[in-house]
Every structure is written in structure tokens, then in C-alpha cells.
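Enquirer: Dropping the structure in here first, questions after.
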Ligand SMILES: O=C(CO)[C@H](O)[C@H](O)COP(=O)(O)O
């Protein structure tokens, strides 16, 4: 029986084969994406892909891409992204997901929304009938974080500040905090997404609805390939 890491690697390797030469590539964050970056690096060393540009969503992925010989650009420096490959924390059968377990949700959503084609790579443990079972990250501005924390509490969303191992508050790439919400399961994802979108002081949230075009799901038997209808 394949381990979870072997399943992640299988999905990642298949995604690396989807990258077309001479294109602009977006690369996400996480352990599954880490397998993707290594697979892409190996492919590129064998036959150079001559990518126009690569943008990524975290310093971690940037360092790994650079270690694999790629030059990484800022999102603002490219005029389009052809394909974005990213992981996900949960995905439902409508190809909606929760992302941001690694705290990179704001840049992940910005790259995804600007990509012509989005592909998520996951192992079967990420698939759910209804979104939930994973803390929903909400990136908030420090200036109004306490007010928003109380608002989420009043809405019974069980807010928790994300913390570092030493107990200090986790600070995002953009100097903000993350409040994780307990949604298990989430009855109306679009309703909560709309509420968060309209909340002043919320920078971004981890509900990625109608955003991905394809999901590669590694199971012990095969890699399932879901596409948006
Ligand atoms: O959204 C993300 C990071 O913010 C990741 O894509 C998500 O957490 C999946 O990670 P992994 O592949 O390690 O399970």
C-alpha cells in the first residue's frame, strides 16, 4: 500500500508532465507542491522547458525552485500566468476547496485568480463530500484583528489565532495575522465566503470556490482526474 507521501508524489509527477514549454507557470506551496518542484526540476534538467517565467506563492517554494535551477519572478512582473499548480487542504466534488494550511493563502489566491488554468494536486485524504474538517484560515489586518475575532466568535465560528511553536502569533508574509475558523462541515461555503469578502480588515480567506479547473487525486489504485464541467 502506497504511503501518503508516495501518493502526493504520484500526483505531483503527473502534474509536472502537464507543464508546457515556453509558458508562464505559477507554483503553489506545501508538501505536495514540494514533490512537484523536484519533478519539474528533474524534467527541466533532462529537456529544458525554457519557461517564460515562474511565479510562486511562498519563500519556501521560491528557495526550492531556485535550488532546482529556476529563476523566480514576482507576480506583479508578469502579464499573465498560463498554468498554476498548487495543493489543497480539502476539496469537494464541485472542485471547491479550503487552502492556506501553510499560511500562504493570500498570494495563492492572487496567483490562482490570474492563472488561465488552475490544477490542484492532492492525495485522496483531502477529498470530502462537504467542505470542512480543516481549519479555515482568514488573514486579517492587525489593526482590527480583535474586532474581527469577536465578530467571528459571535458567529460561532470558533476563531483561534494561528500561533508559532513558541506561542507567539503567526505573522504572514504581509505582516498580518491568521485567524483559523472551525467549519465542520460548512453548510453554505459561498455564504461564508461572501461574508468574509465583505468584512473590513479581512485581507483574504482560504475558501477557494470555483477557482480550480482540474484536480489530480492520487489513490492507491490510480490517479483520478477531475475537471470542472
Ligand atoms: O494551501 C496550502 C498552503 O497554504 C497548501 O497547498 C495546502 O496546505 C496543502 O499542503 P500539503 O500539500 O502539504 O498537504
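For all residues, glycine too, the Cβ spot is worked out from N, Cα and C.
A TrEMBL annotation is a machine prediction, not a hand-curated record.
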Enquirer: Do you know which of 126, 222 TrEMBL groups with 29, 30, 31, 32, 86, 87, 88, 89, 99, 100, 101, 102 in the substrate site?
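Expert: As annotated by TrEMBL, 29, 30, 31, 32, 86, 87, 88, 89, 99, 100, 101, 102 share the substrate site with 126, chosen from 126, 222.
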Enquirer: Whose Cβ lies within 8 Å of the mean position of the Cβ atoms of 29, 30, 31, 32, 86, 87, 88, 89, 99, 100, 101, 102, 126, the substrate site, other than those residues?
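Expert: Near the substrate site, beyond 29, 30, 31, 32, 86, 87, 88, 89, 99, 100, 101, 102, 126, sit 28, 33.
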Enquirer: Cβ neighbours within 10 Å, counted over all protein chains: which one of the binding-site residues 29, 31 has the most?
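Expert: Per the Cβ count within 10 Å, the most buried is 29.
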Enquirer: List, in sequence order, the same-chain residues at least six positions removed whose CB sits under 8 Å from that of residue 108 (active site, proton acceptor)?
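Expert: The list for residue 108 (active site, proton acceptor) reads 28, 29, 57, 86, 99, 100, 208, given in order along the sequence.
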Enquirer: So of 86, 99, 101, which of the binding-site residues has the fewest other Cβ atoms within 10 Å around its own Cβ?
Expert: 101
Enquirer: Secondary structure at residue 86 (substrate binding site) (DSSP, helix/strand/coil)?
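Expert: SS state of residue 86 (substrate binding site) = strand.
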